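S.K.: OK, Swiss-Prot features for this one:
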{"type": "DOMAIN", "residues": "27-191", "note": "domain 'FAD-binding PCMH-type'"}
{"type": "ACT_SITE", "residues": "Arg171", "note": "active site"}
{"type": "ACT_SITE", "residues": "Ser220", "note": "active site, proton donor"}
{"type": "ACT_SITE", "residues": "Glu291", "note": "active site"}
Amino acid sequence: MDSSHVTESQGTLLFNEPLAEYTTWRVGGPAARLYKPANIDDLALFLSRLPFDEPLLWLGLGSNSLIRDGGFSGTVILTQGCLKEMTLLSDNCIRVEAGVSCASMARFSARNNLSEGEFWAGIPGTMGGALRMNAGCHGGETWQSVIEVQTINRRGEIRTRKPEEFEVAYRHVAGLGDEWFISAKLQLTPGNKETSLQLIKDLLAHRAKTQPTNEYNCGSVFRNPPGDFAARLIESCGLKGVSIGGAVVSEKHANFIINHQGTATAANIEALIHLVQTKVREQTSIELIREVHIIGDANVQTR
């Protein structure tokens, strides 16, 4: 890729950049290129100058993603720390950019006396990722609050879209096509600051008690099948504590795979994911569907 046009951009372009530090599993090989946009306009300019066939990967906080050990041979767009504006609007609405962490969004809405966004505190990702997969927990889902979204395509063209243009389901949003979410307008419910902040505190305490928050993990690995829970199925198959290399099925919550003390490779984690799926299928006839996106090249290459 000819990167001479980047001199006109305001963001930061890095080459052969290790991706492990940008993911919550702390694994993954390097990206051929990684771009940190200065703002949405800068992102649009950068994309407009990219070759149309350039492979693109969008990363927020790097949860819900397994980057393989061979890395990614295209360009990674990093939104965390970049697209981070939150604006309080009228009618109990907030405009939030894709790089804002879900936890920050939860606190911002609570401090502005808005409720029904407290659940975001329990999601270890960005709002862009939450929009992409309709992330949720504790009875809340992201798209229950969406009024409109802004998307951008690989030409750098931005447009505003309404929820009815998408098919939104449990941990799935269809209809995005070759576009990415860059911001959203969300409508919440009038609430009480102290009540919401206490709810967030309680939620985080429950999360720390029931999930391996002190270990490298990506969040839930599998979707819950209809009428059941992935964690229950995995535990019922005797898979808690099962390991491949440094990848371990958490003893605390069976739907989490941890990178124990940072010793796992992406290949270890991917192999353990497949092992869990196989054992659950063999013992229960239920196919666990991944929430995690597996990305990149399996083989480590010399660049």
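Using N, Cα and C of the backbone, Cβ positions are placed for all residues, glycine too.
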S.K.: Cα of Glu291 (active site) to Cα of Arg171 (active site): how many Å, rounded?
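M.R.: Cα to Cα, Glu291 (active site) and Arg171 (active site) are separated by 7 Å.
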S.K.: Same-chain residues six or more away whose CB lies under 8 A from the CB of Arg171 (active site)?
M.R.: Met133, Asn134, Ala135, Gly136, Arg223, Glu291
S.K.: Including all protein chains displayed, how many Cβ atoms other than that of Glu291 (active site) lie within 10 Å of its Cβ?
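M.R.: There are 20 of them.
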S.K.: Enumerate same-chain residues with a sequence separation of six or more from Ser220 (active site, proton donor) and a Cβ-Cβ distance below 8 A; give 'none' if the list is empty.
M.R.: Ala230, Asn255, Phe256, Glu291
